[in-house]
Amino acid sequence: MSKAESTETTDNGVIQSVSGPVVSARDLDARMNDVVYVGDEGLMGEVIEIEGNVTTIQVYEETSGVGPGEPVENTGEPLSVDLGPGMLDAIYDGVQRPLDVLEGKMDSPYLDRGVDAPGIDLEEEWGFEPTVDEGDEVGRGDVVGVVEETVTIDHKVMVPPDALEADETAEVVAIESGSFDVTETVAELSNGVEVTMRQEWPVREARPTVEKRTPRQPLVSGQRILDGLFPIAKGGTAAIPGPFGSGKTVTQHQLAKYADADIIVYVGCGERGNEMTEVIEDFPELEDPANGNPLMARTSLIANTSNMPVAARESCIYTGITIAEYYRDMGYDVALMADSTSRWAEAMREISSRLEEMPGEEGYPAYLAARLAQFYERAGYFENINGTEGSVSAIGAVSPPGGDFSEPVTQNTLRIVKTFWALDADLAERRHFPSINWNESYSLYKDQLDPWFQEEVAEDWPDKRQWAVDVLDEETELQEIVQLVGKDALPEDQQLTLEVARYLREAYLQQNAFHPVDTYCPPEKTYLMLTTIETFNDEAFAALEAGVPVEEIIDIDAAPKINRIGVQEDYEEYVADLKAEITEELRSLY
Amino acid sequence: MKEYQTITEISGPLVYAEVDEAIGYDEIVEIETAQGDTLRGQVLESSEGLVAIQVFEGTSGIDQNASVRFLGETMKMPVTEDLLGRVLDGSGRPIDGGPEIVPDERQDIVGAAINPYSREYPEEFIETGVSAIDGMNTLVRGQKLPIFSSSGQPHSELAMQIARQASVPEEEESGDGEGSEFAVIFGAMGITQEEANEFMQDFERTGALERSVVFMNLADDPAVERTVTPRMVLTTAEYLAFEKDYHVLVILTDMTNYCEALREIGAAREEVPGRRGYPGYMYTDLAQLYERAGRIEGREGSVTQIPILTMPGDDDTHPIPDLTGYITEGQIYVDPDLNSQGLQPPVNVLPSLSRLMDDGIGEGLTREDHGDVSDQMYAAYAEGEDLRDLVNIVGREALSERDNKYLDFADAFETEFVDQGFDQNRDLEETLEIGWDLLSMLPKEELNRVDEEFIETYYREDDSERKIVEAAD
C-alpha cells in the first residue's frame, strides 16, 4: 500500500489518546482493517477495533511526539501490497516500503517517520511481450504477457482475479508489445477492464485458487539431514524451533540459498539488523545452484528488524505471503521463510495487551492459534485459477523462551505444520551443525515423497534412510548405558554400532555451512555418503563375525576418510575409491 | 509553555495530570514541588484532558499543588566530542565538577532504527587479548556481545580487561596506532558505589578516562532514571561513531537493573504483565537498545556493545538473558564453577557463542586455521566435559586411552587456554599456538574438523615442538 499512489481520503477523525503504537481516534468513519494516516506527519496505521464513536488504530511507525487533537485520515482501503515486476531483488519493510528507496528519500541511514514510497517503482519501464492475441478469450488470472523481471524469472502479467467472475471470460480487444511502466494499460478486455502490470491485493486475504493438492515433490535443500531424513514437500509447511544460538537463522539462510524453489520470499520478522544486512550483501554475490545467476534474482526480502515499529512486524508476515501467492499464481514454486514467527506472535501480544484484551495462555491473545493456522494454511500445492500449478512452501522459525517447546507458539505451530526440525542447544554447544535433533524431528511428507527420491536418486532411498534412523535410535539407547558403565563394558558388536553411529553423526548429519563445497550437498551425494557408511558397517560386522577384535576394525586407516566426503567436489570418484579401500582393508584383517 | 497545578493522582513513579492542550507522547515534563525542587519526567500516555507522566527521580515530595510544565519536546541528549573524559549522572548531567557541557547538537535519545539497507556487515576482528574470546568467540567491530553472569562473579573485571586491551591489529601495523583505540562509553545502571569506584579507578589508573565517557546511575539513584541512561549512552555513542568517526565500545552494566526498572513502571501502570511480571514489550524495548550497535555504510566509526547482565539464579531461561540472547549476536558466559576453581577469566566457552565470528576470521582476516582450530577445540572440550561425568562413576582406569586423552585435553584447556589472568594480554598468534599445543595432545586422526593442510603445518609431532605450553610430566 503506498500513499504515493493511493486513493483519496474519505473521512477525517481526531486523535483522542496515544499509547505507544496504539492510537485511538474519534469521529473517524472507518471499517475494520482500513489503512489510515495518523497525525500531522501522516504516519501509516491500520484500524483494529471500533467501539461506538471511537476507533483504535495500530500505527506502523514510531509515535513519539504525536498528541491528541491531531487529525486522522482514512483511505477507505484495507492494507494492501503492490504486486508487479520489480519485487524481486528488492528489500522491503513490513508494509512493503522499499528500504533502498527510503534511504534515498530520507537522506539518512536512519528510518525517519512519515516518509512513504510505492512498493514497486511506478516509473520504471519494462519490455512487455504479449502471449495472447487480440480476439482471444481470457478468464480471471489468465496470463496475457510476460516481462523479463530478472535474468532468472519471467514475470507473467495476469488478469487480476477480481476483474472477472469465476467462470466469466472476456475478449482481448487491444494488446501490443512494447515498453511500459506498471501503471500503463498493456491489454484491454471487451468488458472494459484495462490490464496493467500492477495489481493491488489486501494482505490479510488469500488470493483465490481452484484447489489444494497433495504435494508429491520434495523441496530439495541440499542439506543432508533435511533431504535425507526429514524432507519437506514443495507446498509443505515446516517449523524450526530452537533456543537462541542453536542455528535457526543459519538454517533459514541455507534454505533460502539452496532450496530448489523458483522464488524465495525471505521475511526477517523482528530479528537482527545485521542478519538482514548479511543477506543483502551475500545474496547478490552467491550463485543460484540451479542456473548460476545471482541469488537475488529470485529473492524478495522483507526486513522488519526487532527495533523497527512493532505493528509493522505484525503485518510483515502477511505482506510476505501475499507476494509469495502472487508468484505462485504465475505457476512458480515459491518458498517463504519467516524468521521468526515468535516475534510475530509477540507483536500480536503487545498490541493485544495495549488494547487491554483478555489474555490467553502466557499473555498471548486467544486468537493466536487461529492466526497461526491461517498463515500456514495459505501455503500448499495449488491448482491456480488460470489452470497452472504452483506452490507456496512456508518455513517458520520459532524462538521459544528458554528453549522450552511446551510454550504456546511452538505448540500451536506443531498442530499445523507437517515437518518439524527441532534445534538442540546441546548439539550447538558441541558445534554439531546443523544442530537439528534427529530423535525429536519428524516429517510427515516422507511417504508421499519417496516415489520421487526412488525415481530421481535411487530405488532403495527409503530403505537406506530407515537403516540410518535405526542405527541412530540404537545409539541413543546404548548411550544411556555408556553413561553408566563406560563404552568398554559394552559387548563388541554394540561398540561397533556406536562407531557406525558416530560416522553417521559426524560425517552425514553434520554439514559445514561455511565450507564452499560442503554447504550444498545434492541428493545423489547424500545418498552415496550414506551407502559408504553402510559399506563400512557391513564389512565391519563381517570382520567382527570372523573374529577380528573391534579395536582393530575401528582403527583402520580408511574409516576416518568418511568424514571428508562432505568437502569433496568429485565425490563420486572419492566414494568409489573409499568403499574399495574400506572393503580391502577390513577383509585383509581376516 | 503553560504551567498546570492539576495533578489528580500520584502512584509509584507515575503522576497523572489534567491538561487542556494536546501533549505529545514521550514529551519531557518538569515538575516543581512546593519545596522548590525540580523533577523531570516523560509522558507515558497522552489522552484528551489527561496525561500519565513517569517521573525519573521518583515521586517523593510531589503533592497535588506541585506545578507541571510540558517542554514541548522529547528527551534530548546534548552531544559533543568534549564529552570524552567526562563523568555524568544517569540523566546526562556532569558530576565530575568540570565545566558545563557546550553541546554541538542535541539529539533525540530514542534513536531511530538504522535502515537495514544502510548497514554494513561487521567483519573486522577486534583483538581483546582474551583467549577464550579471541580464539573461540571472536568479537568484531559493530557487534553486540553480552556477558551473561550472575551475582558475585568477576564480570566487571572481564569487561574492564576487554575495555583496556581491545584493539584492531591491522591498523597498528599500518602505522596509525592511535586510530585503532576505542573510545569507551560506560553506562552504569543501578550498580553499587563500590563497583563504580572500581571501574573509575581502573579508568584513571590506565589513563583510559580521557577516551571515555562515563554515565553513572548508582544503586541508590532513582530506578526510573535507569530507563533513560542507556539511551543517553547510545545516543552519545552513535554521535561519536557515525559523526565523529570514532570506534566506540559501549559497556552497559547491569542490564538486569534496567529490566527491573521497566517492570516497575509497567506494574505502576497496571499493564498486563508478560513472563515473570516483566512487560510484554520488553523484547521490543531491549531490541531498541541492542540494535543501536553496528556499522553504517559510508561512515568510518562503529558502535560495539558489551552489555553485562547478572542472571537471577544463574538461570539463562530467565526472561532477561533469554530475550537478550535472541537479540544479541552471541553471548559470553561467566561460570561460577570455573570461578571457584580460580580461573581468570572464568569463561565457559561451551554455551558461549559469537554469531559474527565466522565472517570475521580466517585467511586475510585473522589466520587461515582459526575457524578449524576453534571448532576442533569446541568439540574436544565438549567431549572431555562429558567424560568427566563418567569418571565420577567408573573412575579413570575404566576408560580407554582415547577417553583419557580427552580428559587431559579438557583439563589443559581450562588451565592453559582459558586461565590467563585478568592482566595478561595475549595476541591472537599466541592464542592459536596455545590451541595447537593443546590439540596436539590428541591423536592426529581425531582432528576431523581441521583441514589436513593445517594439521601438516601446525600439528606438534612430539612434545618438543610445543611453542608455549610446557608438556605435562
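Numbers here mean position along the shown chain, with the first residue as 1.
Cβ coordinates are placed from backbone N, Cα and C, and glycine is handled just like the others.
Keep in mind that this is a model prediction, so the values were computed, not measured.
Listed in TrEMBL for this protein:
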BINDING   A:GLY242, A:PRO243, A:PHE244, A:GLY245, A:SER246, A:GLY247, A:LYS248, A:THR249  ATP binding site
DOMAIN    A:15-76  domain 'ATPase F1/V1/A1 complex alpha/beta subunit N-terminal'
DOMAIN    A:118-204  domain 'ATPsynthase alpha/beta subunit barrel-sandwich'
DOMAIN    A:222-443  domain 'ATPase F1/V1/A1 complex alpha/beta subunit nucleotide-binding'
DOMAIN    A:451-552  domain 'ATP synthase A/B type C-terminal'
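Shown on the structure are the features that TrEMBL records.
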residue: A:GLY242; record: ATP binding site; contacts (Cβ under 8 Å, 6+ apart): A:LYS248, A:ALA397, A:VAL398, A:SER399, A:PRO400, A:GLY403, A:ALA422, A:LEU423, A:ASP424, A:ALA425, A:SER435
residue: A:PRO243; record: ATP binding site; contacts (Cβ under 8 Å, 6+ apart): A:SER399, A:PRO400, A:GLY402, A:GLY403, A:LEU423, A:ALA425
residue: A:PHE244; record: ATP binding site; contacts (Cβ under 8 Å, 6+ apart): A:SER399, A:GLY403
residue: A:GLY245; record: ATP binding site; contacts (Cβ under 8 Å, 6+ apart): A:ALA425, A:ALA428
residue: A:SER246; record: ATP binding site; contacts (Cβ under 8 Å, 6+ apart): A:GLY403, A:LEU423, A:ASP424, A:ALA425, A:LEU427, A:ALA428, A:SER435
residue: A:GLY247; record: ATP binding site; contacts (Cβ under 8 Å, 6+ apart): A:LEU423, A:ALA428, A:PHE433, A:PRO434, A:SER435
residue: A:THR249; record: ATP binding site; contacts (Cβ under 8 Å, 6+ apart): A:GLU271, A:ARG272, A:GLU275, A:ASP339, A:ALA397
Mean per-residue pLDDT computed across the domain 'ATPase F1/V1/A1 complex alpha/beta subunit nucleotide-binding' (A:222-443): 91
Helix, strand or coil at A:SER246 (ATP binding site) [DSSP, three-state]: coil
Against chain B, in sequence order - binding-site residues A:PHE244, A:GLY245, A:GLY247, A:LYS248 with Cβ under 8 Å: A:PHE244, A:GLY245
DSSP residue counts for the domain 'ATP synthase A/B type C-terminal' (A:451-552), split into helix, strand and coil: 78 helix, 0 strand, 24 coil
Check: same-chain CB within 8 A of ATP site center, minus A:GLY242, A:PRO243, A:PHE244, A:GLY245, A:SER246, A:GLY247, A:LYS248, A:THR249: A:SER399, A:LEU423, A:ALA425, A:ALA428, A:SER435
For the domain 'ATPsynthase alpha/beta subunit barrel-sandwich' (A:118-204), residues assigned helix / strand / coil by DSSP: 0 helix, 43 strand, 44 coil
The domain 'ATPase F1/V1/A1 complex alpha/beta subunit N-terminal' (A:15-76): DSSP-derived helix, strand, coil residue counts: 0 helix, 36 strand, 26 coil
Neighbour tally for A:LYS248 (ATP binding site), based on other Cβ positions within 10 Å of its Cβ: 26
